[in-house]
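> What Swiss-Prot records for SER83, SER91 is phosphoserine. Residues annotated as motif 'Nuclear export signal' in Swiss-Prot, with sequence analysis given as evidence: 90-99. As annotated by Swiss-Prot, region 'DNA-binding region' applies to 146-309. The domain 'SF3 helicase' annotation in Swiss-Prot covers 408-558 and rests on sequence analysis. Positions annotated as ATP binding site by Swiss-Prot, on the basis of sequence analysis: GLY434, PRO435, PRO436, ASN437, SER438, GLY439, LYS440, SER441. Annotation source Swiss-Prot lists SUMO cross-link at LYS515, citing sequence analysis. Positions annotated as region 'Disordered' by Swiss-Prot: 581-606. Feature annotation from Swiss-Prot assigns compositional bias 'Polar residues' to 593-606.
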Amino acid sequence: MTDPNSKGSTSKEGFGDWCLLEADCSDVENDLGQLFERDTDSDISDLLDDTELEQGNSLELFHQQECEQSEEQLQKLKRKYLSPKAVAQLSPRLESISLSPQQKSKRRLFAEQDSGLELTLNNEAEDVTPEVEVPAIDSRPDDEGGSGDVDIHYTALLRSSNKKATLMAKFKESFGVGFNELTRQFKSHKTCCKDWVVSVYAVHDDLFESSKQLLQQHCDYIWVRGIGAMSLYLLCFKAGKNRGTVHKLITSMLNVHEQQILSEPPKLRNTAAALFWYKGCMGSGAFSHGPYPDWIAQQTILGHKSAEASTFDFSAMVQWAFHNHLLDEADIAYQYARLAPEDANAVAWLAHNNQAKFVRECAYMVRFYKKGQMRDMSISEWIYTKINEVEGEGHWSDIVKFIRYQNINFIVFLTALKEFLHSVPKKNCILIYGPPNSGKSSFAMSLIRVLKGRVLSFVNSKSQFWLQPLSECKIALLDDVTDPCWIYMDTYLRNGLDGHYVSLDCKYRAPTQMKFPPLLLTSNINVHGETNYRYLHTTIKGFEFPNPFPMKADNTPQFELTDQSWKSFFTRLWTQLDLSDQEEEGEDGESQRAFQCSARSANEHL
């Protein structure tokens, strides 16, 4: 061991002057009593708070902390599951920019069906995926034009897989109503219609405003409104157009592609759709030109016919059919349906559930009225009424020349015709006989046609009602009488041909007492030369047509046996036929008026 007092170098050498090598102990600081008795005025004198505590509003603080925590969790869920629509609306161009291509999400073919939690989350994620599409910003907000960039709308339309569905969705978003709720669908592009509803997407503002003036030369009524990127047109063209023609007009006028257009005809019998157009033109954002179409006015505008349109008047239908001389059910139904756009009662009939019942009853009533009117008329009044219904003028000489061509004395024929028309007993039947192709049927048919007579057919003789048409006419024709028919007439019809009363069996009625009307016969057999029918010789007046009917070089009849010719014939020979003057038919001072069968009030509107 070395000596500690030896003078060698040590590790503490050189620290003696400026560094304390040992701590100085003080006995004073070790006394705890003196330490606490010192002055307590120091920096940590208030470290312990011995004052009385208050409760405070700890419940409100806890509620605030819970709300902040819930809001934070909700924001995390929104960022995870909701689409970035809000960000896209702030900057759609920036959102459309992508540095890396999007990869399609892959679906697992065989997912594990364990607890269902993962499957539920996947389904929710798939349902939310279609909402990622960025909607275009409207270029004309608040029904007013704007100067937005239409390229945005083109891009949004091109990005959609179903362009028609996209346009319909944007239409409903803009106008608040579906496009199909205002229109009816035409599947064919060639079907013509005068009224069209056209919706156009992303139209330039200048072209949109100019179309309001340019379309006036093509349409009777225009309804135009633009909301956002969608423009809606109701066009009532002056002539019917198909969808292709309408698209060609719109594309050339608005400089748009056909894929930007939706076009269908409007619903004409939908009150809600009519109110949409009617109330829409009252706003400041819509433009309209021309009078309302009839289908809008009838459903929205109240008038003096509104109360009548809701109820059907059967008597008005019967009155219409009577004046138009319609007796068949099919003719009444078709013609009255065509009258619907002009007549309110026809519209009410179309809306009724018992249309067929009304048509049948209308035909019955018209037949009853016509039959009663015919029985009330004399033969002079009947002929006068029927020839006045013939339009046009002819010449009576054609009939006279044809009678003379058949070697018949015209004075004798005129005398027989006068007695025939007045139903003189034993002179009530005229027979025209001769070889075939002599004009017998043509002559007889022309007379029956102008006087609205009835034709009998012996083919129905097996029925006991085959003579029923004789009770519904003023003159009748039995064409081409053969031996079986002569035998039947000689057996059963002697009294009828004499002009006496007979009992006629009619369907659904008891036998009727009546006289046969003037009966015109045509036959190839001269009954006056047959001894078997000698009892008919005194009741039938016969005229022979021996010559063939003459024809011109162009195969047209040489003698025109038309309604106009018979009209001129009766007018010219009215006095010779002993027909009464129609001005002397009624009583003096009696007013002549048309037949009225409708329950029309005296104080109704004109």
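Backbone N, Cα and C atoms are what each Cβ position is placed from, and that goes for glycine too.
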> Among all protein chains shown, how many Cβ atoms are found within 10 Å of the Cβ of GLY439 (ATP binding site), not counting that one?
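So the Cβ neighbour count for GLY439 (ATP binding site) comes to 21.
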> Which one is it: of the binding-site residues ASN437, SER438, SER441, which Cβ has the fewest other Cβ atoms within 10 Å in this structure?
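Among the binding-site residues ASN437, SER438, SER441, the lowest count of other Cβ atoms within 10 Å belongs to ASN437.
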> For the region 'DNA-binding region' (146-309), what's the model's average pLDDT?
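Taking every residue of the region 'DNA-binding region' (146-309) together, the mean pLDDT is 87.
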> Taking the Cβ of LYS440 (ATP binding site) as reference, which residues of that chain separated by at least 6 in sequence fall under 8 Å from it?
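Result: ILE432, TYR433, GLY434, THR522, PHE545.
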> Whole-number Å only: compute the distance from the Cα of SER438 (ATP binding site) to the Cα of the residue listed as 'SUMO cross-link'.
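With distance taken Cα to Cα, the residue listed as 'SUMO cross-link' is 31 Å from SER438 (ATP binding site).
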> At the level of the C-alpha atoms, what whole-angstrom distance separates GLY439 (ATP binding site) and the residue listed as 'SUMO cross-link'?
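Distance between the two Cα atoms comes out at 29 Å.
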> Count the Cβ atoms, other than its own, that fall within 10 Å of the Cβ of PRO436 (ATP binding site), considering every protein chain shown.
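Around the Cβ of PRO436 (ATP binding site), 9 other Cβ atoms lie within 10 Å.
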> Given a separation of at least six residues and a C-beta threshold under 8 Å, show me what packs close to PRO435 (ATP binding site) in the same chain.
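Listed in sequence order: ASN524, PRO546, PRO548.
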> Taking the recorded ATP site as GLY434, PRO435, PRO436, ASN437, SER438, GLY439, LYS440, SER441, identify the other residues of that chain whose CB atom sits within 8 Å of the mean position of the site's CB atoms, giving them in sequence order.
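My list of surrounding residues reads ASN524, PHE545, PRO548, PHE549.
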